[in-house]
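Asker: What follows is a single structure, and I will ask about it in a moment.
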Amino acid sequence: MKNIIKYLFIFLCFLIITEATHFRYGTISWAPTTKYNNIKITVNLAFRTGYWGSVAIGQQISHGNIDFGDNTKTGLTMTVTSKDTDNEWFTATWSGIHEYSPQPTAQTKNYIVVYKDCCRISTLLNNGDQYWHISAGIQIDSSNAFPNVNWSPVTNMMPIVRVIANKNNNFRIIANDQNKQTALSYKFTDTWTMDQPPGMTVDSINGNCWFLPTKEGLYSTQIKVTDALGAYVVVDFLLQTYTEVGKCDPTCSNADASCTSNSQCTKCSNTGSNSINTCTNIQSPPEFIIPTPKNGETILFPIDKSSEFYLSCKTPYASRTASITTSSIPTELALTTTSTGQTNSIKYSWSPKTSSIGSYVISALCKDSSGLTSEVRSFTIRIEKPECGNGGIKGGDGKCVCIGNWDTIYQCFECKDGFYGDKCTVLPPCKNGVPNGGVNGDGKCLCNNGWTGSDCSVSNSQSCGSMTSSILSSSNAVSSYLNPIKAQVYLANDKKFDFPLVLSIPSTLSKLDVYLLVDANMNSAATFLNIYNGMDNFISSVKKFAEDTQFGLGIFSDYPSNSITFQPNSNIGSDISSAIREFKPSSYSSSSNGNSLLAATQASSAQVGWNSGSFKVIVIITDIDYQANPTEKSSFTNSLIDKSVVPVVIGFGSPIPNWGASISSNGFGYTVQSAITSGDWSTKAAAGIKAVSSKLVYKSGEMANGKSLVTSLPIGETITQSTQKTVTISLLKPATTNIESPVAKVSVMGYGQTVISINSNRQPTVSNSGFSVDQNSFATFKLTGSDADLNILTFKFTSFLDSTAGIITSSSGVDVSTQTNTFYSSTEVFKFTPKKNYIATSSISFIANDGCVDSTAATITITINRINQAPECQPITINALLNQQVGISLSASDFEDVASKIAIFVSNPSPLTVYGSFNYQDKPITTTTTINNPWQLTFKQIVNPPSAISVGVPFKSRDSASLYSKECLITVNFVHTNEAPISSSLSPVPVNPRDKTTITLTSTDYDSTSATFNIKSFTTGTDGKGTFYICPQLGDCSCTTTQIKLQKNYVSSAVSYSTNIANLGICFSNDQSSQITDYASVTFTSTDNQGLESLPVTVNINVVGTRPNSPPTIISIPKYSVFQDYKDYDKSSKIIDGTDTDQDDYDKSQGVNNLIAVITEKPKKGTLYLKNDGSVASNSPAPMEIYYVPNPGTFGDDTYSYKVIDTLQASSTIATTTVSVIQINHKPSVSADSYSFTSQDVQFEKSLVTSDFDGDQVNCQVIALPNQISMYDSEGILITQVPAKLSKNSYSFRLLDPSLIIPSPFSNVQSQFTVNCLDVTSKTDPFGPLQSDDLIVNVGYIYINTPPKTKTLTVQLDQDTSKAFTFNGDDIETPTSDLKVKIFSLPTNGRLSNQYGYLNGTSISSRTYYLNELTYTPNAGLSNWDTEDNNSPLDKISYAVLDKGGLSSETDLVYFSVRPRNPPIYTGKDEINVLQNTRYPLTIIGEIGNGGSSVAISVVSFTGNGTLYETFNMGSEGTIDRQISSYPVNRSDSLVGSYFYAYKPPHNQYGDDFDTITFVLIDGDLVSKIYTVTVNVIHVNQPPTIKLISYKVLGGSGKEIEFGSNSTVNMNINTMALVKYIGNDIDKDQVGPLGSKVLNIPLTGTIYKFNNETTPLGAIIKDKNLNIERNDDGFYYFVFVPIKGSTGQGYARVPLIVIDDGGLVSPSESVDFNVNNINIPPVITIDKEKRSYSLLTNLTISATKITFDDPDSKNNDVSITISIVGEKDETVVPFSNVSFTVTTGKATCKPDSTLSSITCVGKKSELNKVISKIDIIAKVAGNYRLKVFVDDLGYNSPISIRSSTHLNATDYVTLQISSPEVTTQNSSNKTVLSGAIAGAAAGTALIAAAMWKMLRKAAPPTDAFFDEGAFLGDGVNSNPMYQESKNGGENPLYLASNETL
């Protein structure tokens, strides 16, 4: 049980120790991202929970900042990931991506990222109160792409690792590397100087640590883990050592013995191994069990799949419970507890994303309910980098094929452009900004300057006229009681604005700062002592008001001759209870100069460490009211308002009406008078703080330049509970005010303040500008201006062009000179068009308006450049006539040339030459034909187009300077010329005798719709009996009564053409009885509907005689196929034929075939043609060879039917043949217009016009490039080789470098290019893909001088430097070196210069400058910080670029952005006054230089007479001072530029210029001047000191006794004591002797002044105010006389002080007096008759009548020793020689075991009974003595002197022992007796020793009596108990004694 209590105590001690500060553990790791210079950094830290009060997992906490190693840093806001409530720590993590500067290709750069702060735990056995420094080595590698770049190692540890003192402890640092697992090395850190725990080693290969601590306590350690490429991380944690009781190993000689260290186990066989403990544990700690991952194990987690692991631990004791604590768990892990109790199990699960790739080391610890812990278990979760991220797979080409919106360039680890986040979501709209895209982006739109809104579509600008007073921007602080704390407000003129202020005040304040200002010049030390004594009550009372209360302390002294206005003692956050106790006032006086108000003014404005977001109170304690003038009172009030500090004033024992009046007048604060008691002032001060915190008082700061704009404040009120409300502050800007950048400060007294920067409208500005334009050209321009308030500007012309100069039109085409009062927007584009050939310079002027006010006017100068004008041509239209030549007369003109110098070129004659001959001077016209005046051409049409058409032929004129005109057209109108039809019919036509037949007349025409048939002539037979007629049903010759007989010149009605064929059937009958050849005939023509008549056709008629006839037989044509649109007819001809059994009709052997083939049904999808003449087949003598031609575009099956008839018109059956038309691929076609462009044209994309009958895709290519003209493909890529594919069948042109144009640059170029196209088809029969015909296209470039181009330029330079710069300008005609600039305005905040000096208004108006000629120098001290928003460019100028022809670019601007280079500024005191022997808190606050970003400090030197400390406020843990031992010492840990130090002068030294401190302030690479703070150590009257020297007891020995470690005077009853002491004072101004007084007169005894040695008693000191004068020897004396006859311990106490001339009192020294009784020695009485005995051996004799007495021993014990000694010496004889016995009774006795001796302790009566009878028997004859020794043990003396006041008495009885005179006697008797005596002596010694030990326990006597060595000798002589008592009278402490022994 005792051991358990012991261990619990040790454990609790460690808990207390570990609360000393807040840092526990840290490590930093990093990983690359898809951009090599964007590094993801992860910081894992552990802190003490109590520093934050309490934390919860997932909570956000902030602490310190991280330095990225590139002069940038950021504050850390971390997420709590785990916590240990038993040991009161938690872990937190921060992760962020930092962008480092890009590196050149294939280069690396190393950075060190650091998290550093102070201070470590004070009680560490190493590194106590030192900085912690957590770092990682980062490598930026531009040579590799993600994910191949290096990653840092990753490690982890429990924040506190428990180890056993004096035993070997083993634990392992587990680390993992995403790149290579076996390449890590381990060692103690070398990145920061720190002490490692002694006895600890680290294995460099596997991270095994061995530690044999020899002390209990806490150590810190830091291990560095480095990979093969040099990237490193560290892990910093604590080692807690404790002692544990175990047992020794069985191999030891003291096996199973209890032990606490290995060294206590001896002779063990396994000694010497650093891995084995010979002292092993008794209790078994809990252990991790399966399925917990093994130590060092790596678990792979796949991406996008849920994975899990378990932690399970168990204690072997059923009565205990187990719990698991983890460190730095990834926030994505989900936790589930699966079991609790003796076994504890938890489950973690995770479905990681690609963004989580990396390694995560998890550390865990198992604890049982008794406090025993397991070893640390660490393992790794590893999320592997796949070859392709986010679901991508590797393709056959080795590249990643990504899904979704992941980018193959980054192996699917990065989003494509336009997407963001871990799911690559589409970026939302971002109209005027840059979207934060990419896998690490959040999709938010980062707006360009002037835009806001989620999509940056809302302009920050608006018209001044529409603007209302509003908040432009504001800053809130979470910890503030009021918000916003800063705001920018726009105030419209003469309009009041109510500014909202939100108050959020909890019932218990969250933060409270109390600065205690104490009057150090109280009227007495006792008065000031009440301040000391009341401090703890004050602190504890005030702490109840807030969750976090911090205190500071300052002092002032109103002592007139040595006043101190204000002296800081301890900054906010200090332990003021200790600080006030350490402070020693320099004076005590009721005199006062009344400077308490002045002190409060300085204290309230001093840098004492006020915390942001706290309620601020200054408590002033003074015992005298203030005296001050009105100015001082006003300064006091303004200082409090400016800092928002509320005063509480305590009149300490004195009324303070002036203070009350000021507080009442100010309207805030609290005053009260308190009694001069510790309880009253502390209670009332606390009540005052409570009172002021319950009042809301609003004040406007007088020290702010914008105070006059605050017109009203909220009414104050009292609050009693939590308050959430919004109040309003009224602001109003007068119409006219001369306040520049007004700022208002409004304080809610104590609770904080809001700073309001007030903006109002300012006049816009415009600048002079200009532009130039070529003669007869045009130019566009905009009106521009700027407005400091970002208002929307509109513009108005104030002067216009002369009407002869030209016209300026708006975008709507309206002449602006007709709109004299129109305002235009800034986006309006104006067009200037000069009058034709007008070349004079013109100007216009304009103003800008912001909605409220106009700018001053600016001028735009317009310069017209005279240039050669291109000639002009006029288009012409002619009408062509088929087969007739027509003349074409062209016309052209030129401004400079006569007609004879103008030539005309036809750009592309081919559109006309396809229809006929196009000639100049009887020669065909080509593109190179030069046509001179009079420009006469001819054209003869030879091709008849199918329909009317107009054809255009482009031509241009060229002047003598080879300048071409724009393109004109020769338009030729063609009409189609009708062609006569073709008539046909079958001839001869057979007819039977006396029979009739039908004759089919056919007309074929391709350009007509109908025809009429004309019977020109006919013969009716050789006998004239034949008849030609027509039946009403055409083709039906059976009519008789309705016959219409043909007449000559008969004209039929119109017959429509069907498939280009029209037929008319006429009838013929005969009455001939026999066969007659050419019996009759008919001749006809056909006339189309356009009046053209065909040639005549004659049809003969044969009369065939009657004969037996059989119908013929048709020969069927099998199904066959033809190709669609295929023209190779020979391949598809077929023969229609038949056979006939009648040899007259058909005899193949005789070559007779009189059959007629007849088409009975024509095909529907095509046409049958005769092979011999290509006419359409209808009927024809057999065999009839035909061709089937499908109609254009058709395909599929078609049929036609046919038969044969014999000469007797007998018909065969009708046969039908199917023709399959097979679809084929058709050749594509392509066309393109000729194109010409100028140097002023933009790049237009041109497209080829393609077509394909089959609808196939057509891909075109360039097969010949134009000369001297750059041609670009569809993607805008220059074509350098042909053939070159055009992916979109589009192209564009640009001029080559002019220098490449032949014969001369900047000349016109005419050229052509050739393209063809290929279709894309799957067809292969009869052919596959087909290529179009080559198309030659003309292209021309017309040179027009192109205006130069420029763009806005921003010149970057540093403040107070000059920068040569080059204007942005380029021109295709003019080399850059020849371009010049025209400057229209000069900079306003700097100067332009060249080699000849500074430019001025005259020089810029009269000349131009080369692009690189000028240098800009800003005015001294000016930078961008001096602009309205502290960020805009400092200066600007307007300019235009001129080419060598004088043509100008548009006007543009050069901005001069002057980077502020203002180092931080120190505005504090350069001299501080430090009070002697006083710690001075020195706060150095660096103000960020204008435009700067941070403040760091380097203390360069210190003279070192005193001591300089770095000071760290640890919150509730107080303040830590770290002495600075070497210089320079750098700090950069403050985000606000405040650095705290403390100065302490050496003791009792002072003087002006006592020390100097030099330092510089740093911002990145900016270093301030060296600042020097001079330390004056002000002499402060130091209190004197008093020292006790000695005392002398008068009436005694007179010996002077020096005071030792105590101040006690021991004196006897009825004596007196003289006390001697001395007073000292180090102050040089202490001239006279110090005064001395007795603080309190003792109640017993009397104090006298010392007179002299003869008559020592001087005057009685009855009054404590009576002074004791210093004696001539420099000492002070007094005499103390106790009351006669009285005694006592602590009889009296006399406190003494000395006092200097300033009233300062030394610390008191007290003399204690013990008045002692005189101790009376004991007396032994032996009857005279009993003083000698004679006896024989072996006989017993009784010694009697022996008594003793000790007169002053009443109830206390005394000691008696009885022994047998020799006759002449004190040697105790053995009890074997002589022995004795006594009756001990109630006494406590102890006999010696071998000697004849016994010692007894008891009351006097008890011991007298012991010695009343002593029975003696001797074995050995001889002369002996019975010795009786009595010791009073000094009990009558004070304890303090008891050891020196033992008194004793000794007496003897003589023993004469002889042997009996008998013959049988032998020597054995002597032997026996001698043995008895010897035994008795030995027994006596043992009894004495035993009694000594017993007495030592029973009653603590002095060391001299009870020393352990007293009984270690061979005899009793060495024991002081056996020292013989001398005569009592010889002892000066004895009373007189009559006893003689």
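Glycine too: its Cβ is placed from the backbone N, Cα and C atoms.
This is the feature table in Swiss-Prot:
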type: SIGNAL; residues: 1-20; note: signal peptide
type: DOMAIN; residues: 420-457; note: domain 'EGF-like'
type: DISULFID; residues: Cys430-Cys445; note: disulfide bond
type: DISULFID; residues: Cys447-Cys456; note: disulfide bond
type: DOMAIN; residues: 513-696; note: domain 'VWFA'
type: CARBOHYD; residues: Asn1400; note: N-linked glycosylation site
type: CARBOHYD; residues: Asn1505; note: N-linked glycosylation site
type: CARBOHYD; residues: Asn1530; note: N-linked glycosylation site
type: CARBOHYD; residues: Asn1606; note: N-linked glycosylation site
type: CARBOHYD; residues: Asn1652; note: N-linked glycosylation site
type: CARBOHYD; residues: Asn1738; note: N-linked glycosylation site
type: CARBOHYD; residues: Asn1777; note: N-linked glycosylation site
type: CARBOHYD; residues: Asn1848; note: N-linked glycosylation site
type: CARBOHYD; residues: Asn1866; note: N-linked glycosylation site
type: CARBOHYD; residues: Asn1869; note: N-linked glycosylation site
type: TRANSMEM; residues: 1872-1892; note: transmembrane segment
type: REGION; residues: 1921-1941; note: region 'Disordered'
Asker: Counting across all protein chains present, how many other Cβ atoms fall within 10 Å of the Cβ of Asn1652 (N-linked glycosylation site)?
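Answerer: I get 10 for this one.
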Asker: Going by Cα-Cα distance, pick out whichever of the recorded positions Cys430, Asn1400, Asn1505, Asn1738 is nearest to Asn1652 (N-linked glycosylation site).
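Answerer: Comparing Cα positions, the candidate nearest Asn1652 (N-linked glycosylation site) turns out to be Asn1505.
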Asker: Please report the distance from the Cα of Cys456 (disulfide bond) to the Cα of Cys430 (disulfide bond), rounded to the nearest angstrom.
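Answerer: That separation, Cα to Cα, works out to 6 Å.
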Asker: Would you find the one among the glycosylation sites Asn1400, Asn1505, Asn1848 whose Cβ has the most company, meaning other Cβ atoms within 10 Å?
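Answerer: For the glycosylation sites Asn1400, Asn1505, Asn1848, the Cβ with the most other Cβ atoms within 10 Å is Asn1848.
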Asker: Just to be sure I understand the packing, how many Cβ atoms besides its own are within 10 Å of the Cβ of Cys445 (disulfide bond)?
Answerer: 22
Asker: Near the Cβ of Asn1738 (N-linked glycosylation site), how many other Cβ atoms are there if near means within 10 Å?
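Answerer: That number is 15.
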Asker: Mean pLDDT across the domain 'EGF-like' (420-457), rounded to an integer, is what?
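Answerer: Mean pLDDT, the domain 'EGF-like' (420-457): 83.
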Asker: In the domain 'EGF-like' (420-457), how many residues does DSSP call helix, how many strand, and how many coil?
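Answerer: Residue counts for the domain 'EGF-like' (420-457) by secondary structure: 0 helix, 12 strand, 26 coil.
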Asker: Which of Asn1530, Asn1606, Asn1777 has the fewest nearby Cβ atoms, counting only those within 10 Å, among these glycosylation sites?
Answerer: Asn1606
Asker: Find the shortest Cα-Cα separation between Asn1400 (N-linked glycosylation site) and the recorded positions Cys445, Asn1530, Asn1606, Asn1738, Asn1777, and name the residue that gives it.
Answerer: Cys445
Asker: Name the one residue among Cys430, Cys447, Asn1505, Asn1738, Asn1777 whose Cα is closest in three-dimensional space to that of Asn1606 (N-linked glycosylation site); these are the recorded positions.
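Answerer: That would be Asn1505, the closest of Cys430, Cys447, Asn1505, Asn1738, Asn1777 to Asn1606 (N-linked glycosylation site).
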Asker: In sequence order, what residues of the same chain, 6+ apart, have a Cβ less than 8 Å from the Cβ of Cys430 (disulfide bond)?
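Answerer: In sequence order, the residues whose Cβ lies under 8 Å from that of Cys430 (disulfide bond) (at least 6 apart) are Cys445, Asp455, Cys456.
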Asker: What residues, ordered by sequence, lie under 8 A Cβ-to-Cβ from Cys447 (disulfide bond) and sit at least six positions away in the same chain?
Answerer: Asn432, Gly433, Gly453, Cys456
Asker: Given Asn1848 (N-linked glycosylation site) and Asn1505 (N-linked glycosylation site), what distance in Å do their CA atoms have, once rounded to a whole number?
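Answerer: For Asn1848 (N-linked glycosylation site) versus Asn1505 (N-linked glycosylation site), the Cα atoms are 63 Å apart.
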Asker: Distance between Asn1530 (N-linked glycosylation site) and Asn1738 (N-linked glycosylation site) at the Cα atoms, whole Å?
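Answerer: Distance (Cα to Cα, whole Å): 98 Å.
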